[in-house]
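Student: Before anything else, here's the structure in question.
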């Protein structure tokens, strides 16, 4: 086993699992049994995320974006309370349920948050706002790493507060969000409340003229009456969006198998080999998180095309993973090789954050016509959470079997996806969904008669908008 796995087996949570079973049944768990329970506990977040993402579409349409986010906070607070009292109750099951609730909340939030923020944002700022989701996620990971150092909450006495800290952020949103307006687009297009829409726009825009925005929403409302939202099954069957669907499947699966999990997993081991004192390793982990935050923030002013970012990002990540594997192999033979591994870890995080990590999430809304967007997001989120769940179960076994050669698996995924993006995806910069669909058709040939009719219907819809 690697040093990291041994370290995890001595973690506070695994100690709680072992002591709980010993106290109740007078049975001492073996290391393999503890690892199995640990993997199941970690993966429950993904199960909850899958359920949350499947329910999010219905919830945001029925209750609205703002109310959905408000109600979602109660799930987070409930999960935080379970985490907080798990040690006192000597129950690792409370942590499992808490992570499940956290997962549901994350699945709902990853759909409701971008909808709410983008619909409240002027079009000229939508590009910058669209990447704040990845930046916020990076900042959240950084905060978790920072709070996890021994000087703060990373101690045997305080770890329940570390796991339950998310409840404070949910409580903050629960108190502050009611003072913000509902999405103007939702109020007009789905609730049909013209007066409430104008009131919300006035609060958001101040004294600026927003009449043009209202006109565009009314035009969109009229156009929506001519377009029926397609189901997932219809999305799978429709030939006109076949390559868009293939793109979503490949890109979202590869994002999970890009190797970012492995890089974070091995970072402490690399820093330790480079001679960094054991007590300083948590600070190095904080540094990797901070690197991801800063490089994600660079996307806010990035003007490079989406295709270019994805292609260059995946190819650069593949090359970096190859170099990481080589440097880890020779680290016991060459004294300065561990320092190369350290640098490469930060290089990999940089390419991930400015490339696939920021570009993949908004893909469904960019490459699909309006009628298919809801179904496309359902497919994308389902794939993402399912693969993440599988990776959570399989990754410890992969590491035990292959050690640092596990990077080769992720290298192949990055190389394959980069090649696919280069030859099968058109550029999406400053393009409408209709223009992107036409570009896909030019790249992969024309469709049949029935599909052509669908393309015409979508063209009519885009023209009206």
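Residue positions begin at 1 at the first shown residue.
Cβ atoms here come from the backbone N, Cα and C positions, even for glycine.
Annotations per TrEMBL:
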DOMAIN    1-429  domain 'Major facilitator superfamily (MFS) profile'
TRANSMEM  36-61  transmembrane segment
TRANSMEM  68-85  transmembrane segment
TRANSMEM  100-118  transmembrane segment
TRANSMEM  245-266  transmembrane segment
TRANSMEM  281-301  transmembrane segment
TRANSMEM  313-330  transmembrane segment
TRANSMEM  336-354  transmembrane segment
TRANSMEM  375-395  transmembrane segment
TRANSMEM  401-421  transmembrane segment
Student: Out of 36-61, 100-118, 245-266, 313-330, what stretch is closest in contact terms to the transmembrane segment (375-395), meaning most Cβ pairs under 8 angstroms?
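Tutor: The stretch with the most contacts is 36-61.
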Student: Counting only CB pairs under 8 A, let me know which of 68-85, 100-118, 245-266, 401-421 has the most with the transmembrane segment (336-354).
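Tutor: Ranked by Cβ pairs under 8 Å, first place goes to 245-266.
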Student: Quick test of the contact rule: Cβ under 8 Å, at least six residues beyond the ends. What residues does that give for the transmembrane segment (401-421)?
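Tutor: Distant Cβ neighbours of the transmembrane segment (401-421) are 2, 247, 250-251, 253-254, 257-259, 262, 266, 307, 310-311, 313-315, 317-318, 321-322, 324-325, 328-329, 356, 395.
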Student: Please work out the mean pLDDT for the residues of the domain 'Major facilitator superfamily (MFS) profile' (1-429).
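Tutor: The predicted confidence over the domain 'Major facilitator superfamily (MFS) profile' (1-429), as a mean pLDDT, is 82.
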